[in-house]
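Take a look at the structure set out below.
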Amino acid sequence: MRNTTFLVLNVMLLVSVALFCAADPEMEKSSFAEILDTGNPEQERKCLAEAADCSPWSGDSCCKPYLCSCIFFYPCSCRPKGW
């Protein structure tokens, strides 16, 4: 039983590392800290004017004064802060 649990946890860890490494190529263009601080300007251009849509990489700048809310990255939508 211990071996099975250990194997399952190792597989889950490997899959999560593989998904992280295969992240969107847009992320390689700037440092992660810069994206967290300022948002990715290339993604911000893709925001809808009425701020009904956002992406996990654009941050809340698309949604002002709302927050960008995502369920497992997609679909993302702008929602009031209380949600």
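Just so you know, glycine gets a Cβ as well, placed from its N, Cα and C.
As annotated by Swiss-Prot, disulfide bond applies to CYS47-CYS63 (among others), with the evidence given as experimental evidence.
Sequence annotations record features per position, and here Swiss-Prot assigns disulfide bond to CYS54-CYS68 (among others). Secondary structure at CYS68 (disulfide bond), taken from DSSP and collapsed to helix, strand or coil, is strand. Neighbour density for CYS68 (disulfide bond): within 10 A of its CB lie 23 other CB atoms from the protein chains shown.
Positions annotated as disulfide bond by Swiss-Prot, on the basis of experimental evidence: CYS62-CYS78 (among others). CYS78 (disulfide bond) falls within a strand segment according to DSSP. Using a 10 Å Cβ-Cβ cutoff, CYS78 (disulfide bond) registers 20 neighbours.
For CYS70 (disulfide bond), the Cβ neighbour count at a 10 Å cut-off comes to 12, with all displayed protein chains included. Positions annotated as disulfide bond by Swiss-Prot: CYS70-CYS76 (among others).
Same-chain neighbours of the signal peptide (1-23): none, counting only residues six or more beyond its ends whose CB sits under 8 Å from a CB of the stretch. As annotated by Swiss-Prot, signal peptide applies to 1-23, with the evidence given as sequence analysis.
Under DSSP, CYS54 (disulfide bond) is assigned to coil, being neither helix nor strand in the three-state scheme. A sphere of 10 angstroms centred on the C-beta of CYS54 (disulfide bond) encloses 27 other C-beta atoms.
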